[in-house]
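I have placed the structure first, in the form of structure tokens, so that the comments after it can refer back to it.
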Amino acid sequence: MDLLRCSAVRLPNARLRRSPLRPCFAAVRSSLSLPFPEQKAKYYRELEAAVDVVERACRLCIDVKSSLFSNDDRILEKNDQTPVTIADFGVQALVSLEMNRLFPSIPLVAEEDSSFLRSTNLVGSVVDVVVNKATLRDEVTEDSVLKAIDRGGKDACTFGPKPATYWVLDPIDGTRGFVKGVEALYVVALALVVEGQIVLGVMGCPNWDEDYFVNRATGVQETGSNFSRSGMIMVSHLGCGTWKQRLSDMLTIKLPQSWTRCYVDGCQVLKEARFCTPESQKWESLPLSSSFNAKTNSDEIGKGDILLVPACCGSLCKYMMVASGRASVFLLRATTRKVMKKISGYAPAWDHAVGIICVHEAGGKVTDWEGSSIDFAADQIARRTIFPSGGFLVTNHSLHNEILGLISSNSPVI
């Protein structure tokens with residue numbers, strides 16, 4: 001597949017430059033070694049660049065978070081009452097600038113656009129956090145940052161019905177967690193879709209604390225390296241597995257052996273599984289609640305109970321938990337809306353793309369509540385929305401069909 005060929009059409013304000021991909025890699029700043037040989041991974045160079053920019057984006061988030069609570073005006077609220085910070089805009093600008101420099105022919109589908117930011121006095125603050133992490137610092141200006149953000153915005157690119165190639169970015173999944181405190185997890189996530197298939201993904205969780213999950217869920221014993229309180233980068237490539245490394249090691253250890261391979265857990269008995277759900281959805285609102293009660297303390301588990309592992313705040317940290325064996329199941333009900341007198345479920349593509357490949361490559365399975373694969377081409381125009389029936393079921397694969405059966409018997413799927 002030649003990544004220069006893309007089935008997306010740029011709108012007039014977003015000129016598509018065509019230049020060779022491979023020579024651009026001389027500008028990749030990181031000397032990071034990936035955990036598998038280049039010959040095995042078709043998109044090795046793209047993954048190498050994605051890991052580098054996500055690692056830098058995580059450090060941008062850490063820098064912003066350290067000053068967040070002394071500068072309340074850096075936390076804003078969008079029209080849908082969801083919080084957004086200069087880190088959200090800064091990460092999107094940074095990733096857009098770097099990936100457009102390396103892969104100018106590949107569009108970006110991302111959560112934010114600059115319209116809201118332009119209405120504030122924080123554009124300069126976003127520029128300040130981006131310039132510290134960008135490769136070409138002299139080229140980081142207010143104009144270039146705003147254009148970079150809009151390169152991933154809702155009006156940047158128009159796709160057609162043919163399979164498309166594009167990056168999918170969630171600058172910060174779990175912004176509510178980002179502004180909360182240490183225990184609330186947040187994730188920077190970047191995936192590459194090639195002709196409709198997710199081929200690689202990178203997730204960075206700057207405040208991932210391995211000991212937190214060990215202590216909250218019994219039966220999970222830490223093996224291998226100690227990842228505690230040092231953040232985590234998780235990477236996945238089609239056919240090469242899912243791997244993790246401590247974020248604190250990214251600048252000091254450049255060896256393949258510094259990575260640890262991730263596998264889903266081996267649980268085959270549903271009542272022994274560890275579940276996670278969104279903070280915004282109570283267990284009682286989910287279809288399995290008619291079969292099991294949920295407990296958050298393993299010492300209180302009795303007959304008819306399952307263990308619910310708390311994890312705030314976004315969806316992608318739950319994918320990380322399943323992919324790394326910290327949870328057996330992630331269950332999420334999709335948001336619903338009425339279209340042509342029919343109620344249908346929907347979700348942003350960036351909340352799930354990278355999580356899906358990480359779970360799949362770790363041995364797990366992801367479908368909607370009817371057992372169908374998630375179709376990222378269903379939104380033929382913008383590729384920004386996916387439409388799962390009922391919701392998302394993310395499992396260790398062994399339990400998948402049993403849970404689908406319970407969902408089918410306990411809940412009408414919409």
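Every residue, even glycine, has its Cβ placed from backbone N, Cα and C.
TrEMBL has this to say about the protein:
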type    : residues                               : note
BINDING : Glu111, Asp170, Ile172, Asp173, Asp351 : Mg(2+) binding site
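Features as recorded by TrEMBL, highlighted on the structure.
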| residue | record | Cβ within 10 Å |
| --- | --- | --- |
| Glu111 | Mg(2+) binding site | 24 |
| Asp170 | Mg(2+) binding site | 31 |
| Ile172 | Mg(2+) binding site | 30 |
| Asp173 | Mg(2+) binding site | 27 |
| Asp351 | Mg(2+) binding site | 22 |
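Cβ atoms within 8 Å of the centroid of the Cβ atoms of Glu111, Asp170, Ile172, Asp173, Asp351 (the Mg(2+) site) belong to the same-chain residues Leu169, Pro171, Gly174, Thr175, Val187, Ala189, Gly314, Leu316, Pro348, Trp350, site residues excluded.
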